[in-house]
Amino acid sequence: MEKFPLKGTSNLPISSAVTNHPLSADHTSYQSVASKTGKGSSSSSGSERITTSLTTPGVPVYEADEDGMIDITPGNGGLTNPNYPYSYAANGGRQDGVGAPSSSGNNGGAGTGATSAAGTAAVGAATSAGNGGDGGGISSPTHTRFGRDFHHSDHEGISFAGMTDTSDDIPGIGQYDDFHTIDWQRDIARDRMRHRYIVKKRQDSFWDLLKGAHDAWSGWVCVLLVGLFTGCVAGVIDIGASWMTDLKFGICPQAFWLNREQCCWSSNETSFDSGNCSQWYAWSEIFTSSREGFGAYVISYFFYIMWAMLFALLAASLVRMFAPYACGSGIPEIKTILSGFIIRSYLGKWTLIIKSVGIMLSVSAGLSLGKEGPMVHIASCIGNILSYLFPKYGRNEAKKREILSAAAAAGVSVAFGAPIGGVLFSLEEVSYYFPLKTLWRSFFCALIAAFILRSINPFGNEHSVLFYVEYNKPWIFFELVPFIGLGIIGGFIATFFIKANLWWCRFRKYSKLGQYPVTEVLIVTFITAVIAYPNPYTRMNTSELIYLLFSQCGISNQDPLCDYNRNFTDVNSAIEIAAAGPNVHKAVWLLILALAMKLVMTIFTFGMKVPCGLFIPSLALGAITGRVVGIGMEQLAYNYPKIWIFSGECSTGDNCITPGLYAMVGAAAVLGGVTRMTVSLVVIMFELTGGVRYIVPLMAAAMASKWVGDALGRQGIYDAHIALNGYPFLDSKDEFQHTTLAADVMQPKRNETLAVITQDSMTVDDIETLLKETEHNGYPVVVSKENQYLVGFVLRRDLNLALANARRIIDGITGQSLVIFTSAQPVQNLGPSPLKLKKILDMAPITVTDQTPMETVVDMFRKLGLRQTLVTHNGRLLGVITKKDVLRHVKQMDNEDPNTVLFN
């Protein structure tokens, strides 16, 4: 060691260099000793190892790098490093702003010590901000010369594993296993590296310039394609579902592929009651040639049940045989996937095909479910499949989630014809990481999808929205009271629904019933069809029912709901307020029965093994409640027009109360209570109905229902299903209110041993034994077993791949080969050649100290999207906290069963 000169000093022997230079640990002028290539440091600061010599206590001994020179990185004053192109400003920060005084203190100290690894350095792959020494607060620069001359030879000093082009010689590095959490920081840093490389290469040739341009616009092209395909698929689903729904009632003999409405377009008759034109044959007509009478009713009833059973059997069998992931609504899983979890083939091509066909079948079967939730899943499948056309997104899980967020927005956009509502839904409900760039892309994607759906025009009218209504009456100020009342009722209905549905899903999961999914679907379908047919409001398609409840009574409306004692003689006068006729009373009772039946059947239907959404049943429950309340208010205004609450608005005899508006507000209330949406819900509702002047009533009801729901139960239906399935979802909306420390949560506990890998003293056999004996997803790399200072972190998957790859390709690798995670040349011994694995080592793992409050740790997991963080004490490694540990700890603190968190 004596003969190595220090760079920037005269050729003094090292002992005198140490004494002449103010390098002692308590001197503020020197921060750390950094190797030129940024070797792994014992204190996770990424700089050169400092081993304290046993002979001279307190005097550090420096190991040299390849060319025999040692770099000294100066603090404020002292020598400047000729290899480091930035001078230091007076405040101790570099002039380009990197490495300013560290806010997190030393790794060795007992402060919060939350040393971040993301985005601090010029390379994007960053240094841990704390330092091992007791010196000043300047982050030592641990990076190579990337800022100046990016070239292939410089790849050695990158601190994130799997980011470099050189790691491509080991196939599969940087990918993830099924049911694992992604590392957002590492993926985003890999993308920055790739982007910087492309920008650097742009000047080289015209071809590279084109490649750079393609890379820049590939995100927009990808969301454009997602929007196009989503619009087309949605159009096909809408057309198919409406045709198959009408098939339960009859057929169009001249052209069997037309549904009832289209069949009647070709008819010349000017009026036909409820779609029964002469071209359309009910099943009873084909067999008994009459529509009325007992025999006709029985035949129609039989065919209704038979078709429903057939559609349900097909849907359940397809899901069971080809794509088990195509069942349910898909939104809880999409939320989990967007939070950084991998569920392989959940967004695959088979799931897309079966979900699209299955949702048409299950909606047509007359089950109490909607096709709007699954549209989000279908759009996300399209987004996932198309992202593989663009390696920038297909190979990078964190980037892929930007496309999936945009796809979720397109899904809601086509489901309701509500593009802005879709973007807000993606932002408020499903997305976890939503930068501004993704907001613009989601907006564009939703726009394209809505435009395509509008061109296909599946509803066959001039509006692309589901329930277009035109109310022309303003609402009276006093009506806010019943609107808020509807919000409260909606909150109660929603809470009852969530609790009952969760109880049933739990029962299904842990009982024999779960083993017979197809039988369950058939039984529920049979009961639904038998109960639904006698009541005209449950017999009709749920979307038609909602449209009927939203619409206002006019001359052309023949439904019993509109049987008022009115005479429409004078066309020009406003519709007068009138007493309800006997049919209205009958219709109200039928609606109340329909409400009870729909509520009960939706509880048993949601979560079955067919594709099923929740938006439409929730809207129907609320619309029925609202319409009944609206009719009550209308009759109150008719009978007592002079009381002060109507303040003369109703004394003129005009119709001042619109029951359809109450239905709309009630629908928003129940849907808001079930899903706990607020902003996106109001926007979806007024886009859905075109009722912009009713935003305030909708907001009042949505807010009231959310408050009631939150007071009675913490979770919305999607969060509850995430918890039920045990997905590792760390909700960013929840508060962590406990006063525990990182040391209480980390694994292993104080008295157990921690599985670690040493940087240069373990053989291939040792590492393979460690991998066999432990289940961990990653291992900290330390200096040595006795000296557990942190060097970096290596993932289990990467280790397995690298070892298998080395045995296959490199000659002379045996079980006795040393595995080395540093750049230093090993001492030449007579054994087999060593295996160098520095390139799979993450040299900037995020670390906290054992005294860090868990509140801070949970925040880091949420906001940085971590997989794990390492816990140190005075720079020595103590343990690891993984996302699963955090989730279990949160459950334990909330007095819930921590073992419900199932996956890694």
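Cβ coordinates are placed from backbone N, Cα and C, and glycine is handled just like the others.
Source: prediction; values computed, not measured.
Features reported for this protein in TrEMBL:
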COMPBIAS  8-34  compositional bias 'Polar residues'
COMPBIAS  35-47  compositional bias 'Low complexity'
DOMAIN    746-809  domain 'CBS'
DOMAIN    841-898  domain 'CBS'
REGION    1-116  region 'Disordered'
REGION    130-149  region 'Disordered'
TRANSMEM  217-239  transmembrane segment
TRANSMEM  294-316  transmembrane segment
TRANSMEM  350-369  transmembrane segment
TRANSMEM  375-391  transmembrane segment
TRANSMEM  403-427  transmembrane segment
TRANSMEM  439-456  transmembrane segment
TRANSMEM  476-498  transmembrane segment
TRANSMEM  513-533  transmembrane segment
TRANSMEM  587-608  transmembrane segment
Could you give me three numbers for the domain 'CBS' (746-809), the DSSP helix, strand and coil residue counts?
24 helix, 17 strand, 23 coil
Relative to the transmembrane segment (403-427), which of 217-239, 294-316, 350-369, 439-456, 513-533 accounts for the most Cβ pairs at distances under 8 Å?
439-456
Would you mind listing the long-range same-chain contacts of the transmembrane segment (217-239), meaning Cβ under 8 Å and 6+ residues beyond its ends?
356, 359-360, 371, 375, 378-379, 382-383, 386-387, 389-390, 392-393, 402-403, 406-407, 410-411, 413-415, 437, 441-442, 444-453, 455-456, 458-459
In the same chain, who gets a Cβ under 8 Å from the transmembrane segment (350-369) while lying at least 6 residues past its ends?
233, 236-237, 240-241, 244-245, 247-248, 304, 307-309, 311-312, 314-315, 318-319, 322-323, 325-327, 330, 375, 377-378, 381-382, 385, 524-525, 528-529, 532, 542, 598, 601-602, 605-606, 610-614, 616-617
Checking distant contacts: for the transmembrane segment (439-456), what same-chain residues at least six beyond its ends satisfy Cβ-Cβ under 8 A?
219-220, 223-224, 226-228, 230-232, 234-235, 239, 379, 402-403, 405-410, 412-414, 417-420, 422-423, 426-427, 464
Which range out of 294-316, 375-391, 587-608 gives the transmembrane segment (513-533) the most CB pairs under 8 Å?
294-316
Would you kindly list the residues that approach the transmembrane segment (375-391) from elsewhere in its chain, counting only those six or more residues past its ends and only Cβ-Cβ distances under 8 Å?
218-219, 221-222, 225-226, 229-230, 233-234, 237, 329-331, 333-334, 337, 347-349, 351-352, 355-356, 359, 400, 403-404, 406-408, 410-412, 414-415, 430, 449, 611, 613
For the domain 'CBS' (841-898), what does DSSP give as the number of helix, strand and coil residues?
23 helix, 18 strand, 17 coil
Other parts of the chain folded back onto the transmembrane segment (587-608), taken as Cβ under 8 Å at six or more residues beyond its ends:
316, 327-329, 367-369, 493, 496-497, 500-501, 504-505, 508, 517, 520-521, 524, 527-528, 531-532, 535-538, 542, 545, 559-561, 563, 614, 617-618, 620-621, 624-625, 627-628, 631, 717, 721
